[in-house]
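K.L.:
Would you mind keeping the following structure in view while I ask a few things?
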């Protein structure tokens, strides 16, 4: 991608707070017009990146580049980058209209221009009827919309959102996710969003940056992150995962290997390179696994085991299976399986203790080295 297609870049950026390393040698390119999410647990460095982009922090080393220009020492008010904070930071004594127009007023814009742009911003977030209200008379979701309107009214190059849904209830969070994504498409500007919620990141983003302990673990589309995790950390962080321990026993061709997994021979597919005898970890999402009744065994290789638990979740059923152990006296591996619920399918009504055969959809496995990479 050409350099001019990036609105923001971090090049070799590290950030220290006293002796604590918050970010370590970060390289990140943010594309014009994309919805990018920084995803990770508390303390991983995602908010520090946001503060570097906004200008509230400066890097200890490396460069922050905005539209091709190094902006390490450029203050926030000169970057044309706006931030929506967790607490919304609305002025309680001002009306909604005055809150949204505050930045334009500070820029000494003409009154008629302020009125027009505030009106357009409020219409964009469906609050045109609430201009005369004070923040205290608004719901949490409405306050958030005001904060967003105030941020976009200045026509920023980039809008930064720091876990803005954290104070909202579940249904309102879901609604706001759709509204924010629609708004981003409508405006056509770059949104950089911070969250620890994987579902939130996947629902809204063009690309996701998975972070851990001040480092970037993987960058990719939601589908790439979920289906092709770069390592065990990413696989575990973005959803439920089953991990089978195994050994490569032979190579059939460029992508197909024979392996022994939990004591059972299986073929596995991977683009990674392995040698005979290499220890591996095979990763399977719960929805990739298939269960078979013992009176209807599948062709090819399969595990055997027993149902331990079933959990009804409405659209799906979670099924816990204990595999038969390859070693006498040792418990077998426990697997989590997810199946779509069908009340007319008698075979999905498993009972604890029931024997089953276990397979998966060929090619959907992820094979990593024994070190989890």
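In case you wondered, yes, glycine gets a Cβ from its N, Cα and C as well.
Dumping what Swiss-Prot says about this protein:
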type	residues	note
DOMAIN	8-238	domain 'ABC transporter'
BINDING	40, 41, 42, 43, 44, 45, 46, 47	ATP binding site
K.L.:
Among the binding-site residues listed here, 41, 43, 45, which has the most company in the form of other Cβ atoms within 10 Å of its Cβ?
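P.N.:
Of the binding-site residues 41, 43, 45, the highest Cβ count within 10 Å belongs to 45.
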K.L.:
Please list, in sequence order, every residue of the chain apart from 40, 41, 42, 43, 44, 45, 46, 47 whose Cβ lies within 8 Å of the Cβ centroid of the ATP site.
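P.N.:
Once 40, 41, 42, 43, 44, 45, 46, 47 are set aside, the remaining close residues are 196, 211.
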K.L.:
Taking every protein chain shown into account, which of the binding-site residues 40, 42 has the largest tally of Cβ atoms within 10 Å of its Cβ?
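P.N.:
That would be 40, with the most Cβ atoms nearby.
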K.L.:
I'd like the number of other C-beta atoms within 10 A of the C-beta of residue 46 (ATP binding site), please.
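P.N.:
Cβ-Cβ neighbours of residue 46 (ATP binding site) within 10 Å number 25.
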K.L.:
Calculate the per-residue pLDDT averaged over the domain 'ABC transporter' (8-238) and state the result as an integer.
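P.N.:
Residues in the domain 'ABC transporter' (8-238) carry a mean pLDDT of 93 in this prediction.
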K.L.:
Are there any residues at least 6 positions away along the chain from residue 47 (ATP binding site) with a Cβ closer than 8 Å to its Cβ? List them or say none.
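P.N.:
Expected: 162, 194.
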K.L.:
Helix, strand or coil: which one is residue 45 (ATP binding site) in, per DSSP?
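P.N.:
Once the DSSP labels are grouped into three classes, residue 45 (ATP binding site) ends up as coil.
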